[in-house]
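Feature list (source: TrEMBL):
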- A:7-29: transmembrane segment (TRANSMEM)
- A:49-79: transmembrane segment (TRANSMEM)
- A:91-114: transmembrane segment (TRANSMEM)
- A:139-159: transmembrane segment (TRANSMEM)
- A:188-208: transmembrane segment (TRANSMEM)
- A:220-249: transmembrane segment (TRANSMEM)
- A:261-282: transmembrane segment (TRANSMEM)
Amino acid sequence: MSTLVAVLAYGLADGAILALAALGFVLIYKATSVINFAQGEFLLVGAYMFYTAFVVMGLPLLAAVVVGVVVATIIGVLVERLILRPMIGESPISIIMVTIGLSSLLRAVVQMFYGTSPKSMPKILPTGSVNILGATVPLNRLLVILVAAVVLTAFTIFFRRSRHGIAMRAVADDQQAAMTMGISVRRIFAMAWALAGVSALIAGVLLADISAVDQNLAAFGLLVFPVVILGGLDSVPGTIVGGIIIGLLKQATASYWDPGLATVIPYVVLVLILLVKPYGLFGETRIERV
Amino acid sequence: MSTEPVPAGTVLAGGVPAGAGPAMLTLNNVEVIYDDVILVLRGLSLQVPEGKIVALLGSNGAGKSTTLKAVSGLLPSEHGEVTDGSITFAGQDITRMDAAERVKQGMSLCMEGRHVFEHLTIAENLVAGAYTQKAGASSAEVLDEVYTFFPKLADMRNRVAGYLSGGEQQMLAIGRALMARPKLLMLDEPSLGLAPLLVQEIFGYIQRLNAETGLTVLVIEQNARRALEVADHGYIMEQGRIVLEGPAAELRENPDVKEFYLGLGDEGSRKSYRDVKHYKRRKRWL
């Protein structure tokens, strides 16, 4: 029983972070049809930006968060403008190659400035633990789940209710029709990348807080792929469900079976689910009237 | 303008239609080239007077849709470009204006094939249509107006647009275009793929909009008979230029129009479609 509670807490925390990281990926794919292989590196860059503001510059927590968000937004917009916009109209495979290149570039830039050794950052979330049903559960995992839930809810409300959120979904649906409404497709593309940068920053900071600020953050980001393929490449709710499933699977495999298998199992389940649901669990099948 | 001989009964294109108010939209000798090589509009001139319904007719590939895209600034997304001439809207030169800015200036385009946002609900489609409007009381007012005008949409506001019928989608597309509070509404084939009864309904809405709110309308149609019934003025296009224009009532009676577009013989008898086609192939205006 206590193992189960621990697995749930750790798994949900991992899943929540994965959902946040995957959200950025899905936003970019939905709005601009770009498959962003650099999403993991966005986490890495986000965490290092926050580290710079919080530790190196010594800003208070709230100011560091604001600086991080602003810088993440700027990076997102710059990547769109300088790297992806010239690629509009190119074949998907070239665009994928460009984002793979971007991922190496971002990792190299981080290494250039910060080196490869882990950085120590004071913990933001409280480090104590609570006792739930006989299991000792670290408090920070629970808070990670809470923070991620709040951020994901905020994003969902943004897409359902706000003018810009609806405009983003409109562009994802039909770019030309959106243009006839006076929606600037370029601005929406920039917005998608900026939001992806911000969600990756939050995911990166949360992840760094429960692990460490080092190069492994990008490796964790690689798990975004099973998450989004599981949830459906273009589904926001799918990222949440996909994230939770992958997070729980990883932790359950590690504690009930073998820690070494924990990195493999998500991909095995991914293949099994794709055999049954090729669009992922929530992927949008095209609506066609006959 | 063209120096080629024009058939009798043709007013020289580009002049102000007789008895009309000030022009809302003027195209002057507009030339459009796609991909730097494909010449689609070759010196097209037309005028849409304020408060009128103008119909732009012509066969497939005449350049009707391209004309609307040039007016609404959508050409760059299709590698097209206005290479010559000018487009004036409400006294302002908009030839090189950004598409979003044109919507703000007061024109809305209803694209061919409706193009509703399929995964969004009716209500969300309408919100997207009001993107250029500042949120607040006034845009809620427009939403109410649209719902009053199309009560069917109000009843189904939370339905996903992709699952609506063709007629409902066309209503939604028009309603969505109205959300931007246009002075000029452009419709590209609103009757496409609709049953005759629905076509009548849609054209009824267009007529009511024009009569009740004074909205200026430019409509493209294959269904020449229906379009000339509701329009005040008509233009007929062929191969990228205007070949015939006049008050809609006059065009309806024009023997050439009757024969080419309405499929009627000299004495008003219905001609066999095969003969019309054959005749068309031999004789063109240009």
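Cβ from N, Cα, C; glycine included.
Tertiary proximity for the transmembrane segment (A:220-249) is limited to same-chain residues at least six positions away from its ends with a CB under 8 Å from its CB atoms, namely 7-8, 11-23, 25-27, 29-30, 35, 39-44, 152, 155-156, 159, 172, 200, 207, 211, 265-267, 269-270, 273-274, 279-284. Fewer than three CB pairs closer than 8 A are found between the transmembrane segment (A:139-159) and the transmembrane segment (A:91-114), and contact between the two stretches is not assigned (pairs 6 or more residues apart).
Outside the transmembrane segment (A:49-79) by six or more residues, the chain places 38, 42, 102, 114, 119, 121-122, 124, 190, 193-198, 200-201, 204-205, 208, 213 with a CB less than 8 A from a CB of the stretch.
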